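Visitor: Structure below; questions to follow.
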Amino acid sequence: MAVDMELDGGGDGKGKAPPQISLSGLFLACMVAGGVQYGWALQLSLLTPYVQTLGIPHALTSVMWLCGPIAGLIVQPCVGLYSDKCTSSLGRRRPFILTGCIIICISVIVIGFSSDIGYALGDTTEDCKVYRGPRYHAAAAFILGFWLLDFSNNTVQGPARALMADLSGRHGPSAANAIFCSWMALGNILGYSSGSTNDWHKWFPFLMTRACCEACANLKAAFLVAVVFLGLSTAVTMVFAREVALDPVAAAKRNEGEASGLLAVFKGMKNLPVGMPSVLIVTGLTWLSWFPFILFDTDWMGREIYHGRPDGSPAEVTAFQEGVRQGAFGLLLNSIVLGISSFLIEPMCRRLGARAVWVMSSAVVCVAMAAVSVLSAWSLGDFGGSVQDAARAPAEEGGVRASALALFVFLGLPFAVLCSVPFAVTAQLAASRGGGQGLCTGVLNISIVVPQMAIALGAGPWDELFGEGNIPAFAMASVFAAAAAAAGVVLLPKVSVRSVSMAGGH
């Protein structure tokens with residue numbers, strides 16, 4: 001059943017209210033989201049295709065992504081809980097943001113130099129221009145960096161969102177989430193621009209080695225730029241996010257007798273705000289519909305649309321890499337629409353209600369995922385529907401490729417809803433009971449990562465049953481999107497117009 005609610009503002013309830021911050025100050029305080037998202041964009045657009053060049057088969061690439069859900073399941077709720085109680089002089093959120101960003105920098109350097117690490121450990125003595133075999137040491141280094149990156153991303157993301165809710169004040173959580181979403185869009189634009197650029201190796205030729213040819217050097221350079229941008233954005237956030245530290249004595253008294261660690265997280269889940277369980281259910285279904293595309297979008301462009309293979313002939317590899325770059329360009333267009341749309345979400349919620357906006361976005365995703373499946377079948381239709389057959393045939397399908405890019409653009413608005421509305425509703429629900437922004441954000445993340453675990457475990461084997469393509473996963477995503485829309489109509493709380501714009505503190 002839907003729950004009608006009138007939610008008013010309220011701080012976190014765990015100490016002095018933060019000083020009032022201007023909208024421009026709030027914008028600068030959120031800059032770390034852009035830095036983190038830059039690296040995340042590179043991870044999404046390039047790493048699934050790249051790891052296949054190291055010898056990991058397509059069916060196992062989704063399993064590699066298990067690290068994100070596992071990290072989200074363990075790290076974000078715990079970090080959210082401890083950040084609610086942190087008594088550091090830097091404040092509650094900034095210590096976790098700073099630590100996570102340092103680890104992100106280390107992890108992306110490991111990923112960028114994974115081929116060189118594997119070469120040093122004895123993968124091969126041949127030059128990368130002639131060697132086409134597996135490089136398992138490089139793959140191991142890559143996966144280590146990949147997992148470390150996901151754990152550190154989760155360390156930053158929960159406190160960063162909670163920080164925005166803490167500081168939002170009179171601007172409200174919807175405005176804070178719109179700013180967060182706009183920084184994500186900017187990070188995506190920069191990251192996907194880097195991923196779609198094929199000239200990094202020309203600008204930084206010293207990054208090419210016997211183990212690292214052009215594609216590898218492009219990846220390496222893009223991640224080194226990510227380190228610089230993340231360092232800058234973290235510094236700006238640390239300066240402008242002026243938190244008020246918790247009083248250690250008062251915090252100790254308040255925390256006496258409370259459970260700690262994961263026990264506290266599960267204890268907190270028993271006392272969620274009214275309406276939060278429904279939000280968790282709909283969020284889970286929504287992410288089941290999105291994660292196949294997030295995981296395989298550039299791989300889909302390389303395989304189904306450009307008919308390439310990461311482990312095929314030189315011509316097939318070239319076609320695959322071109323498809324991946326075009327997929328990154330599609331994600332760039334998607335991010336531009338995301339950035340524009342992020343400023344439309346609050347007016348839409350004010351006019352239609354958060355529930356209606358969320359439900360309509362799920363309906364759009366349902367149509368889009370069905371269109372992806374149809375477009376893929378159309379692209380492969382002349383080759384018997386087989387990715388392997390299509391990879392050996394010439395591909396001159398300008399209409400199909402243009403339609404594929406159009407789908408990336410079409411998904412920009414619902415992705416803006418995904419990045420904003422669930423978190424804004426969660427912040428309002430937390431404010432309605434006087435605090436716990438960090439814990440509620442962490443618990444919401446559980447409803448995101450559990451579907452991701454299901455997709456990560458099942459998508460690769462499921463697709464392999466149908467010829468190693470991505471069509472079955474996208475078709476199933478359309479079904480989940482329809483279920484999310486139906487569940488949203490029945491279950492989501494009806495948040496008042498006033499609460500959308502004003503909830504979140506005074």
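Cβ atoms are placed via backbone N, Cα and C, with glycine included.
Keep in mind it's a predicted model, so treat the numbers as computed, not measured.
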Visitor: With respect to the membrane, are Gly91 and Val274 annotated by Swiss-Prot as being on the same side?
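Guide: Result: yes, Gly91 and Val274 share a side in Swiss-Prot.
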Visitor: Along the topological domain 'Cytoplasmic' (426-441), what average pLDDT does this model show?
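Guide: PLDDT averaged over the stretch: 70.
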Visitor: What parts of the chain pack near the transmembrane segment (136-156), using Cβ distances under 8 Å and only residues at least 6 beyond its ends?
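Guide: The answer is 32, 36, 39-40, 43, 47, 50-51, 54-56, 64, 67-68, 71-72, 75-76, 79, 96-97, 99-101, 103-104, 106-111, 113-115, 117-119, 121-123, 211, 445.
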Visitor: Per the 3+ Cβ pairs under 8 Å rule, pairs at least 6 apart in sequence, do the transmembrane segment (328-348) and the transmembrane segment (172-192) touch?
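Guide: Contact between the transmembrane segment (328-348) and the transmembrane segment (172-192): present.
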Visitor: Using a Cβ cut-off of under 8 Å, list the residues of the same chain at least 6 residues beyond the topological domain 'Extracellular' (116-135) that approach it.
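Guide: The answer is 54-55, 110, 141, 209-213, 216, 311.
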